[in-house]
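A.B. asks: Can you keep this structure in mind? I'll have questions shortly.
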Amino acid sequence: MVQKREHWGSHWGFIMAAMGSAVGLGNIWRFSYAMGQGGGSAFLIIYLLSVLVIGFPVMLIEFSIGRRAQTDAVDAFKKIAPGTPWMAAGGLGVLAAFLILSFYGVIGGWSLRYSFEYLTGGITGDSTDFFVGFIGDTFSPIFWQFIFMGLTIGIVYLGVQKGIELSSKWMMPILSILLVGLAAFSLTLGGAAEAFAFMFQPDWAAFTDPSVYISAMGQAFFTLSLGMGAMLTYSSYLEPKERLTSSAAFIIVLDTLFALISGLVIFPALFAYGLDPAEGAGLVFMVLPNIFEALGGIGTLAGFAFFILLSMAALSSAISLLEVAVAYFIRKLNMSRKKVTVIVGAIIFLLGIPSSLSQGAVSITIFGESFLDFMDSFTGNLLLPLGGLIMVLFVGWTWTKKEVLHHGDIAHNPLGPLYFLTAKFVAPAAILVVLIMGMLNWL
Ligand code: ILE
């Protein structure tokens, strides 16, 4: 049985879906705590540089491969370069999508639980106790992870157009409105000046810390959904004549704006209440509820808006991770989308359970980190940059210049030659340097 491949219904649908993939927990939950721990503005500057020098070429390269090959992340390399080891990049992508979704679903579940709490009255009392009690529980976080994964599976089950495209077209505008509204509100709370100083005034000492470079580059990969096959898979549902350069630029600009505006939601509120930005992974879950509680009724409403925003952002990203694996197994096992989605989704859910349990119920640590934190840093700081590096080398060094420009849809753009140089030399060198710094730092 050869199945007909699906395509996007419109170019706008593709843009919304790819933006949905990019904008996620990475922009709100991960960006705020990574920046909080990375010294604020120093992290921001290195992150913005990584987005420009690495993020843009890698995204355009993933798009070029996907649109050219019209197939899943592993098969794409087999089709373009048969019998070569380059398909390792696709394999790494599918593996990364699998592993990331396992713990992503856990945090998506936390967000849903918090949305539900604010819908039914809000979180009162010590919010750190509440959070630690909740994530340290055995069943409750797994129950919410189950609901979150169920929603993810449901959307992917419906297919590219009826599931992913339709849901993204609804969710992305709602997300944007909620985000801008919340930032406007947060800026009135009295911490705006301090937040601006924290976010935009460089602390030069942080530039000498190698770990800031690693986490900033890891963040660029994570937030733009690069190195995990997601952008490659999504662009494989494009018709061959669809524009790529402007789409990549649009998605990158919006994703970055989303992260910055999320910073303007979180940090002004944080400083207004004298709380610590370096709190770590629990930042939005432990710190923000204090603020919402202090604000009374309007705080409950803001809390609900915030956690619904977080849940929807997580969902539109989770579907792209699941789609990477689903697209691969539909072809590999030659089974229907519906069956593959349910089976693969269920396996990823089960794989996420140790991450959930590692938050207090059972002590599961690897190299001194909880299982969840380990999965996060292992995929973000190692797998994604490695997968991205192999993809850039593949395109930069095995395609002719003409092919690179043509498939990147940038041949007639004045920036074409610059893009070629960046893709061939600058981006791989930058990724390599940071990866090596990461290894040395780790040893
Ligand atoms: N890019 C999204 C985010 O920032 C996901 C990362 C897909 C795994 O959350």
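Numbers here mean position along the shown chain, with the first residue as 1.
Quick reminder: no glycine exception, Cβ is built from N, Cα and C everywhere.
Among the features that TrEMBL reports, transmembrane segment is placed at 12-32, 44-65, 86-107, 142-160, 172-200, 212-237, 249-275, 295-328, 340-358, 378-397, 418-440.
Map these features onto the structure and tell me what's around them.
C.D. replies: Packing against the transmembrane segment (12-32) from elsewhere in the chain are residues 104, 107-108, 111, 161, 164-165, 167-169, 171-172, 175, 219, 222-225, 230-231, 234-235, 237-238, 242, 247, 250-252, 254-255, 258-259, 262-263, 265-267, 277, 281, 283-284, 309-310, 313-314, 316-320, 376: each is 6 or more residues past its ends and has a CB under 8 Å from a CB in it.
Residues 6-8, 101, 105-106, 108-113, 166-167, 237, 311, 314-315, 318-319, 322-323, 326, 337-338, 341-342, 345-346, 348-349, 352-353, 356-357 of the same chain lie 6 or more positions beyond the ends of the transmembrane segment (142-160) yet place their CB under 8 Å from a CB of it.
Remote same-chain partners of the transmembrane segment (172-200), defined as residues 6 or more beyond its termini with a Cβ less than 8 Å from a stretch Cβ, comprise 16, 19-20, 23, 35, 40-41, 44, 258, 260-273, 277, 291, 302, 305-306, 308-309, 312-313, 316.
If one looks beyond the transmembrane segment (212-237) by at least 6 residues along the same chain, the residues whose Cβ comes under 8 Å of a Cβ in the stretch are 5-8, 14, 17-18, 21-22, 24, 26-27, 30-31, 34, 37-39, 42-43, 46-47, 50-51, 54-55, 58-59, 62-63, 65-67, 69-73, 76, 90, 92-94, 96-97, 100, 160, 206, 244, 251-252, 255, 259, 317, 320-321, 323-324, 327, 377, 379-381, 383-388, 391, 430-431, 434, 437-438, 441.
Outside the transmembrane segment (249-275), and at least 6 residues removed from its termini, the chain residues within Cβ reach (under 8 Å) are 15, 18-19, 22-23, 26-28, 31-32, 35, 48, 51, 55-56, 59, 176, 179-180, 182-183, 186-187, 189-192, 194-195, 198-199, 223-224, 283-284, 287-288, 290-291, 294, 306.
Same-chain neighbours of the transmembrane segment (340-358): 98-99, 101-103, 105-106, 109, 135, 138, 141-142, 145-146, 149, 152-153, 156-157, 322, 325-326, 329-330, 333, 364-365, 370-372, 375, counting only residues six or more beyond its ends whose CB sits under 8 Å from a CB of the stretch.
Within its own chain, the transmembrane segment (378-397) has Cβ neighbours under 8 Å at 54, 57-58, 61-62, 64-65, 77, 81, 86, 88-89, 92-93, 95-96, 99-100, 214-215, 217-219, 221-222, 226-229, 232, 404, 423-425, 427-428, 431-432, 434-435, 438, counting only residues six or more beyond its boundaries.
Same-chain residues lying 6 or more positions outside the transmembrane segment (418-440) and placing a CB less than 8 Å from one of its CB atoms are 50, 53-54, 56-58, 60-61, 210, 213-214, 217, 381-382, 385-386, 388-389, 392-393, 395-397, 401, 404-405, 408, 410.
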